[in-house]
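Presented below is the structure to which this report refers.
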Ligand code: AMP
């Protein structure tokens with residue numbers, strides 16, 4: 001897979017405006033968003049027009065807990081970013097926030113999502129003289145803003161984002177403004193909080209909780225909020241009325257279960273997913289066991305729905321990162337063993353329903369099933385808390401290319417044999433929509449579900465093999 005347009009996979013963004021503890025608060029916010037990106041983290045602070053940057057490879061805790069670092073990040077405004085990218089070489093120049101001195105002042109930006117026409121824009125910009133310093137798709141935004149002929153930052157920002165296609169939740173900082181912005185479909189999340197009278201922006205509400213900030217509201221799809229000393233103003237950069245196509249995979253796997261998105265608790269949605277799954281795919285079994293941690297809430301829901309005992313038949317070692325961090329297949333195989341161990345006393349002689357949120361490459365499932373069988377389980381019935389993952393995400397969730405997605409190559413029957421289970425069932429797409437508050441998927445879906453359906457809600461200019469979707473032609477007009 002081409003890596004140039006995949007640099008902002010899975011990220012967390014955070015920002016604080018006018019608070020003396022801005023950098024420390026941002027470090028805490030990023031810590032709460034660590035699940036969204038573990039490869040690198042960065043903070044940019046602004047102190048009366050002077051910007052300071054700290055960007056490091058590794059976890060927030062490894063780099064942003066010392067007083068020295070926080071002291072260096074002087075200022076009452078700060079934005080931060082967690083980055084998670086498994087493709088392409090990990091390089092410090094790609095770590096965000098990105099910062100540039102433009103003709104109208106300093107500008108820092110942190111981006112969650114993927115711009116699907118970044119390569120094309122980059123080519124055009126390069127041909128007219130722009131010099132790129134990173135391979136990050138976010139850098140095109142900086143160049144678009146820097147070369148815009150509009151007078152003010154906000155006009156230039158609007159000018160720039162109207163040219164972007166794909167998914168973006170952005171937090172940006174100038175010497176007197178903090179800006180939060182979501183793409184016209186609101187594919188990636190962004191919320192507004194209030195900490196002791198200071199505005200806060202964060203990818204998820206769990207990052208407001210950690211600092212004790214009050215949830216104000218979400219940035220709406222296609223909305224730009226401009227925070228200044230005058231307060232918060234809302235700008236609508238996209239001329240047509242945006243529609244909501246929030247990423248349904250955030251509910252399935254990506255967001256933290258203690259976050260609330262669009263008024264729905266992620267934990268409750270996952271439990272409802274489990275109950276739907278129990279209704280759609282019951283199993284003759286003795287116990288329900290989650291693949292921890294991602295399968296746990298759905299397994300609780302399944303156990304409730306099926307009237308079966310919920311048991312921790314697999315124990316997870318929390319001192320190992322998500323397996324996807326490991327780059328090679330060989331290490332990924334090892335990673336599973338490092339991360340999970342069978343709880344023999346629970347599994348021996350039992351007919352087990354194993355619940356996981358998704359099967360991507362199939363490596364995890366195969367190893368876990370083997371482990372559960374080795375521990376003496378009599379039968380293993382795998383239940384997956386989402387539909388088959390058949391298509392890659394181009395909007396910021398790290399998924400391998402389609403050919404590596406096992407569900408795109410194998411039928412449920414083939415996969416049942418491949419991972420060696422007695423039965424395998426996925427949740428239906430309508431079941432998933434029901435769990436996420438809709439009665440079914442409908443013709444005009446309320447979520448982006450491209451990873452399960454292959455229907456991409458935006459044009460994918462950088463991939464010529466994909467066709468634009470008619471009902472979203474407004475994105476091109478914008
Ligand atoms: P696999 O071995 O590739 O089938 O991995 C499936 C496991 O990876 C599941 O247990 C999921 O919880 C987890 N997973 C699914 N999607 C992602 C993702 N985008 N990033 C990291 N982990 C994921």
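Using the three backbone atoms N, Cα and C, a Cβ is placed for every residue, glycine included.
Taken from TrEMBL, the feature active site, nucleophile applies to 11. According to DSSP, residue 11 (active site, nucleophile) is assigned to a strand segment.
For 247, 393, 448, 451, the entry in TrEMBL reads [4Fe-4S] cluster binding site. In this structure, residue 448 ([4Fe-4S] cluster binding site) is part of a beta strand by DSSP. Around residue 448 ([4Fe-4S] cluster binding site), taking its Cβ as the centre, 27 other Cβ atoms fall within 10 Å, counting all chains.
The Cβ of residue 357 (Mg(2+) binding site) has 252, 253, 270, 291, 294, 295, 298, 384, 385, 386 as same-chain neighbours under 8 Å, each 6 or more residues away in sequence. Under the heading Mg(2+) binding site, TrEMBL lists 294, 356, 357.
Among the features that TrEMBL reports, domain 'Glutamine amidotransferase type-2' is placed at 11-230. On the 0 to 100 pLDDT scale, the model's mean across the domain 'Glutamine amidotransferase type-2' (11-230) is 95.
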Those binding-site residues in 247, 294, 357, 451 whose CB falls under 6 A of ligand 1, listed in sequence order:
294, 357
If you draw a 10 Å sphere around the Cβ of residue 247 ([4Fe-4S] cluster binding site), how many other Cβ atoms fall inside it, taking every protein chain shown into account?
26
Can you tell me how far the Cα of residue 247 ([4Fe-4S] cluster binding site) sits from the Cα of residue 11 (active site, nucleophile), in Å?
14
Within the same chain, and leaving aside 294, 356, 357, name every residue whose CB is within 8 angstroms of the centroid of the CB atoms belonging to the recorded Mg(2+) site, in sequence order.
252, 253, 290, 291, 295, 298, 355, 358, 384, 385
Residue pair residue 356 (Mg(2+) binding site), residue 11 (active site, nucleophile) - Cα distance, angstrom, rounded:
23
For a quick check of understanding: among the recorded positions 11, 393, which residue's Cβ has the most other Cβ atoms within 10 Å?
11
Any further residue of that chain within 8 Å (Cβ to the Cβ centroid of 247, 393, 448, 451) of the recorded [4Fe-4S] cluster site:
187, 248, 249, 395, 397, 449, 450
Three states by DSSP: which one describes residue 357 (Mg(2+) binding site)?
coil
